[in-house]
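This report concerns only the one structure given below.
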Amino acid sequence: MLISLSSSTLLTLFFIALSASWLSGLLFLHARMPLRFVHIHIGIAALPSLVSLLALVNNNGDRVVGPWHLDTLAWLMAFFVLTIGLIIQRFSVRYLMGDRSYRKYFALFTFTTGVSSVAWLSDDLRFMIMCWGATLIGLVLLIGLNKGWKVVSEATKISGYLFTISWIALLSAIIWLFQITGQWQLTSVVTNENVAQFGTLEKTGINLLIIVAVMIPAAQWPFQRWLIESAVAPTPVSAIMHAGLVNAGGIMLTRFSPLFHDDIAQIILLIFSSISVLIGTGISLVQVDYKRQLVGSTIAQMGFMLIQCALGAYLAAVIHLILHGLFKATLFLQAGSSVQRVEVVKQSNKKMSNLWMIVGRVLGLFIAIAFWFITSGEGYQLVSALILGWSLYFSWKQLVVFGEGRMGRIAGLIVLIGFSLIYFTVHNSLYKWLHTDMYQSVQPSAPAVIFVICILLFSSVICTFVTRNQSSTLSAVLYLWSVRVGEARRKSVESHPSYLKHDVSKGGNS
């Protein structure tokens, strides 16, 4: 049985562990420190993650301790970001070996994930803006560590430029909030009494600034360029970027959620996020580069997460960003497994495949209808039901319909059932854990729900048409447009890394 500790004690232990990990990272930067010290550093870096887990398990409810807001969401996000960072650092021990910036990567990984976790523990908006700014700076430094490569320099410039705009937008929103409420504490700013003081234009203006601050790190249209060009960063950097940092918008919007209720800013966020979902999906479908496929996937997934926020489903958005982070980190760290020998897929009995396809459609429709009746019947649940039914049908098609022979279909069915059970178990556990009054879903307006459903149906119709008419003019136009949107600028692309010539001429990396 775990020893029950007070919130202030856990907070003190957390900052001691975090300071120790930062000190370890600084020590590793010293040239005289042997490279094998990295293993000790990984052990020390695990301490704040363990303390945040202990705090999460011992959480005694919503507590405000000085400038810190210690609720379940805060400790969960601290644990999530630090654990993702720890796993990626462990992966990088051998992956980045030989890189001239080897030591700097670990120091920056530790610093960036550390200040990011502190940002979500902050109740004081001044601490939050400082920590979030430090997180963005750390991310830019990670992207630009390979200074000898011109392409990386270009990616660093555009990332730094857009992140500066994002940070200034959030800073402006926070200062505006202080001028109206006279409060720096977030929990005091978003009370019903203070929110009622806001005029319509003031509320919309603040919300639009927060939306801009959120959309840029989430790589939403028209700010997706930085994420596309950052694909030149090493795989561990991309992993921490996609899994633990770009999804911060969901947490930020959740913290400021009372401000967005019944405001036109929700519709604006919904429109831009829906466009981003379409663009990201198109990029992931047409790109042949594995990392750019994942970039497109992240743009689409972050768009859907922001759609959830726009519909008032903040709890669903938080669960989405956690599951997406775990999934995307796994995909990046397992990127090498995508290089497989080409196999000729044998066509099975066409009639049998069509029969299994029909079964999948009926099953997906049945699950969607059942989910709709079982849930509370809120507007967002209808969207969830449609997505759940489509996801089940798509998974059935890939794992069962395209399975080779009877054993292949049986294996696919077992995998589908197993992962479905795991997903629902994790989803329900997180839902019960995070289900507090502050993060209750707000009933979305009927036009917003109808708009999202129309976007989903439109996307489905377009995909079906393109699949069945690949030689049509519309298919060619959509393909070329998706390729163009998903490509980096010409000066941000090289057919071969030019900096390698310098390394080869010196006999390798030193």
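Even glycines carry a Cβ here, placed using N, Cα and C.
The transmembrane segment annotation in Swiss-Prot covers 9-29 (among others).
For 37-57 (among others), the entry in Swiss-Prot reads transmembrane segment.
Through the fold, the transmembrane segment (68-88) approaches residues 7, 10-11, 14, 42, 45-46, 48-49, 52-53, 55-56, 59, 61-62, 109-110, 112-114, 116-118, 120-124, 186-187, 236, 239-240, 243-245, 251, 254, 318, 322, 325-326, 329, 333, 433-434, 436, 438-439 of its own chain, all at least 6 residues removed from its boundaries and within a Cβ separation under 8 Å. What Swiss-Prot records for 68-88 (among others) is transmembrane segment.
Marked as transmembrane segment by Swiss-Prot on the basis of sequence analysis: 105-122 (among others).
Feature annotation from Swiss-Prot assigns transmembrane segment to 125-145 (among others); the stated evidence is sequence analysis. For the transmembrane segment (125-145), same-chain residues at least 6 beyond its ends with a Cβ under 8 Å from one of its own Cβ atoms are 67, 101, 104-105, 108-109, 111-112, 115-116, 118-119, 152-153, 155-156, 159-160, 163, 166-167, 170-171, 174, 177-178, 184-186, 189, 217, 230, 233, 237, 240-241, 245, 248.
Long-range contacts of the transmembrane segment (158-178) within the same chain, counting only residues at least 6 positions beyond its ends with a Cβ under 8 Å from a Cβ of the stretch, are 125-126, 128-129, 132-133, 136-137, 139-140, 143, 184, 189, 202, 205-206, 209-210, 212-214, 216-217, 223, 225-226, 229-230, 252, 492. Residues annotated as transmembrane segment in Swiss-Prot, with sequence analysis given as evidence: 158-178 (among others).
According to Swiss-Prot, the feature transmembrane segment maps to 226-246 (among others), an assignment based on sequence analysis. If one looks beyond the transmembrane segment (226-246) by at least 6 residues along the same chain, the residues whose Cβ comes under 8 Å of a Cβ in the stretch are 80-81, 84-85, 88-89, 91-92, 95-96, 99, 105, 109, 112-113, 116, 135, 139, 142-143, 146, 149, 151-152, 154-155, 158-159, 162-163, 216-219, 283, 289, 291-292, 294-295, 298-299, 302, 324-326, 328-329, 332-333, 335, 486-489, 492.
What Swiss-Prot records for 266-286 (among others) is transmembrane segment. Away from its own ends, the transmembrane segment (266-286) comes close to residues 208, 211, 215, 219-221, 224, 228, 260, 292-304, 306-307, 309-312, 444, 448, 451-452, 455, 459, 478-479, 481-483, 485-486 of its chain (Cβ-Cβ under 8 Å, at least six residues beyond either end).
If you look up Swiss-Prot, you'll see 303-323 (among others) marked as transmembrane segment.
The transmembrane segment annotation in Swiss-Prot covers 355-375 (among others), and the record cites sequence analysis as its basis. Same-chain residues lying 6+ beyond the ends of the transmembrane segment (355-375) with a Cβ under 8 Å from its Cβ atoms: 381-382, 384-386, 388-390, 392-393, 396-397, 400-401, 409.
Here Swiss-Prot flags 410-430 (among others) as transmembrane segment.
Panel annotation: around the transmembrane segment (446-466), residues 266-267, 270, 274, 277-278, 281, 307, 310-311, 379-380, 382-383, 386-387, 390, 472, 474-475, 478-479 of the same chain, lying at least six beyond its termini, place a Cβ under 8 Å from a Cβ of the stretch. Look at Swiss-Prot and you will find 446-466 (among others) tagged as transmembrane segment, backed by sequence analysis.
With a threshold of 8 Å between CB atoms, the same-chain residues lying at least 6 positions outside the transmembrane segment (303-323) that come near it are 73, 76, 80, 214-215, 218, 220, 247, 249-251, 253-254, 257, 260-261, 266-267, 269-270, 272-277, 280, 379-380, 383-384, 423, 426-427, 430-431, 434-435, 439-444, 448-449, 452. Listed by sequence, the residues of this chain that lie at least six past the ends of the transmembrane segment (9-29) yet keep a Cβ under 8 A from its Cβ atoms are 37-38, 40-41, 44-45, 47-48, 50-52, 54-55, 58, 65, 68, 70, 78, 103-104, 106-111, 114, 117-118, 121.
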